[in-house]
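Listed in Swiss-Prot for this protein:
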BINDING   Ser205, Ser206, Gly207, Thr208, Thr209, Lys213, Gln346, Gly347, Thr351, Asp430, Arg445, Lys537  ATP binding site
BINDING   Tyr253, Thr257, Ala323, Gln346, Gly347, Thr351, Lys447, Lys451  (E)-4-coumaroyl-AMP binding site
BINDING   Lys274, Lys453, Gly454  CoA binding site
REGION    276-346  region 'SBD1'
REGION    347-409  region 'SBD2'
Amino acid sequence: MIRMIKGQIYFTSKYPNIIIPEKPIPHLILKHIRSKPDQVLLVDGLTFKEYSSHFVADTIEKVACGLNKLNIKKGDVLGVILPNLPEYVPIFHGTLLMGGITSLVNPDYTIEELSHTLATVSPRYLAVTLAVYEKIKNDLKRVFPSVEKVILVDIAGQTLKEIGQLTLSSDGIVMSFNQLINNNGKDYPIVRIDLKKDTAIIPFSSGTTGLFKGVCLSHHNLVSNTHQTQTVETTNYKKNDTVMGQLPFFHIYGLMTYLILMVKQGHCVVILPKFEFVRFLDLIQKYKVAISFIVPPIAIMFAKSPIVDKFDLSSLRTLFSGAAPLSREVEDLIKERFKGKLIIKQGYGATELSPACFVIPSGLIKSGSAGILLPNQLVKIISPETGENLGMGEKGEICIKGPNVMLGYYNNEKATNEVIDKDGFFKTGDIGYVDEDGYYFIVDRSKELIKCKGFQVPPAELEALLLSHPKVADACVVGLSKGDMGEVPRGFVVIKQNESLTEKELLDWAHPKIANYKHFRGGIFFIPAIPKSATGKLLRKNLKDINPPKL
């Protein structure tokens with residue numbers, strides 16, 4: 001719908017504005033799961049252990065009590081470096097219940113990656129597995145000088161005995177999750193929270209370009225997006241639906257879907273710590289999963305893998321794909337394979353939008369569309385050349401305003417002002433348009449950001465890594481299309497004068513410093529000079545399609 005404001009064109013949602021509850025996230029969650037105490041809310045996909053709503057609610061409050069005993073204060077940060085585990089849910093909500101902030105990162109991150117993500121928000125507490133602790137313990141005081149307590153969470157195959165030994169030998173800094181929740185769940189204060197100003201979580205995003213930044217999302221941001229999404233998505237769920245929980249909880253897509261939306265709606269979530277396609281299919285069959293939230297690489301497996309035919313997936317009703325665009329070709333292949341019985345939907349968003357802004361309504365799918373604008377939001381589409389507001393059907397940068405727009409980037413006013421304009425619109429960096437039915441189409445993803453397996457890989461981060469090598473004079477990183485993976489990083493390097501360096505030497509040096517999905521699967525090429533504009537901006541597009549010989 002078009003709205004004219006001061007002579008400028010804006011677009012509103014087809015849905016009427018909704019009332020956003022004025023409650024902190026954990027209060028909202030506890031209210032809903034306490035109403036169905038005997039329902040199975042979580043299932044450990046490795047051990048098959050089931051957790052009732054009553055147990056989860058009690059454990060949330062026990063985490064709050066445990067943190068209160070550790071003297072947590074409003075605004076203190078608890079860094080979560082965990083794979084998907086049932087304990088993630090009470091740790092997340094228990095921290096928020098005490099007015100704390102959870103900051104979530106990939107447990108596969110190296111020390112170097114943790115140092116410029118989680119360490120930048122000065123966490124007072126960490127929640128980790130034994131494997132993560134072993135990785136960080138020697139650098140703990142250097143990388144995390146602010147940390148006072150490390151909470152070790154058990155995982156299948158790891159014994160409590162191992163954790164117990166660590167708690168006795170680490171100068172009191174380490175405790176087990178079981179020690180944290182060894183209380184009655186009653187002794188914690190009610191913390192007053194400013195819903196619109198107080199940060200609840202700090203996930204990390206690169207925005208459209210640059211290094212990763214902490215994204216400050218308030219309780220109001222999260223509650224708003226929960227209800228905005230439910231307005232469109234409620235008809236897609238049935239009362240006793242079971243959902244697969246394989247998307248990473250540290251990613252805003254998985255966080256909002258499983259830790260908030262599904263838990264609030266009371267759907268049982270079958271949790272997988274690490275994605276394995278065969279186990280994933282087996283769990284769908286075993287638990288008669290109805291809905292699975294996926295990323296395009298998983299969609300491609302559904303479309304093409306012969307393994308799919310070995311499982312009874314008749315319970316599966318809907319696949320919801322996000323984090324990166326899903327091609328129409330893959331969508332058609334899945335529909336053909338499942339004889340049209342499987343609904344495939346997409347949405348669009350960003351970490352900075354908490355995360356959803358467009359969702360395809362049930363039964364109203366339009367090919368190639370990112371969906372319809374969720375309620376309580378305003379859109380303007382601006383010309384990349386002139387900055388003027390454009391009309392229906394005209395292609396420009398999509399900008400979003402609403403209660404789901406982030407507070408800002410953590411301790412980075414400059415970066416915040418670059419993406420949120422003076423009127424409060426978040427500039428997505430993506431080019432698109434809206435049609436006469438209110439469906440939005442993304443025609444050009446942010447040019448610089450590499451999307452690998454649904455994860456964001458900022459070229460600037462990898463360029464900084466390459467440039468730190470003593471023999472590298474200049475570097476540029478671009479995304480290379482790579483089938484099921486989406487895009488993979490490809491590096492271009494200028495070697496310092498009078499130095500010699502091979503691709504293998506550089507890869508062997510770089511890969512241990514970065515997560516697996518950031519590896520240079522597109523290779524590293526050596527060239528005489530990196531193309532740049534007159535202002536010194538890297539001309540990545542000039543390098544996208546060239547394949548120079550490797551030295």
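Cβ coordinates are placed from backbone N, Cα and C, and glycine is handled just like the others.
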By DSSP assignment, list the helix, strand and coil residue numbers for the region 'SBD2' (347-409), in that order.
-> 3 helix, 24 strand, 36 coil
For Thr351 (ATP binding site), which of the binding-site residues Tyr253, Lys451, Lys453 has the nearest Cα in space?
-> Tyr253
Work out the three-state DSSP category of Lys453 (CoA binding site).
-> coil
Work through the binding-site residues one by one (Ser205, Tyr253, Thr257, Ala323, Gly347) and name whichever has its CA nearest to the CA of Gly454 (CoA binding site).
-> Ala323
Want to know which binding-site residues, from Ser205, Thr257, Ala323, Gln346, Gly347, are within 10 Å of Lys453 (CoA binding site) at Cα; which are they?
-> Ala323
Determine which residues of this chain, when Lys274, Lys453, Gly454 are set aside, have a Cβ within 8 Å of the centroid of the CoA site's Cβ atoms, and list them as they appear in the sequence.
-> Leu247, Pro248, Phe275, Val295, Pro297, Phe455, Tyr517
What three-state class does DSSP give Tyr253 ((E)-4-coumaroyl-AMP binding site)?
-> helix
Longest inter-residue Cα distance for the CoA binders Lys274, Lys453, Gly454, rounded to the nearest angstrom, is 14
One finds that other Cβ atoms within 10 Å of the Cβ of Tyr253 ((E)-4-coumaroyl-AMP binding site) number exactly 23
Hey, how far is Tyr253 ((E)-4-coumaroyl-AMP binding site) from Ser205 (ATP binding site), Cα to Cα, in Å?
-> 12
Here the binding-site residues are Thr257, Lys274, Lys451, and the Cα closest to that of Ser205 (ATP binding site) is found at Lys451
Measuring Cα to Cα, tell me the gap between Gly347 ((E)-4-coumaroyl-AMP binding site) and Lys274 (CoA binding site) in whole angstrom.
-> 23
Once near-sequence residues are set aside, which residues in the chain of Lys274 (CoA binding site), 6 or more away, have Cβ atoms under 8 Å from its Cβ?
-> Pro83, Asn84
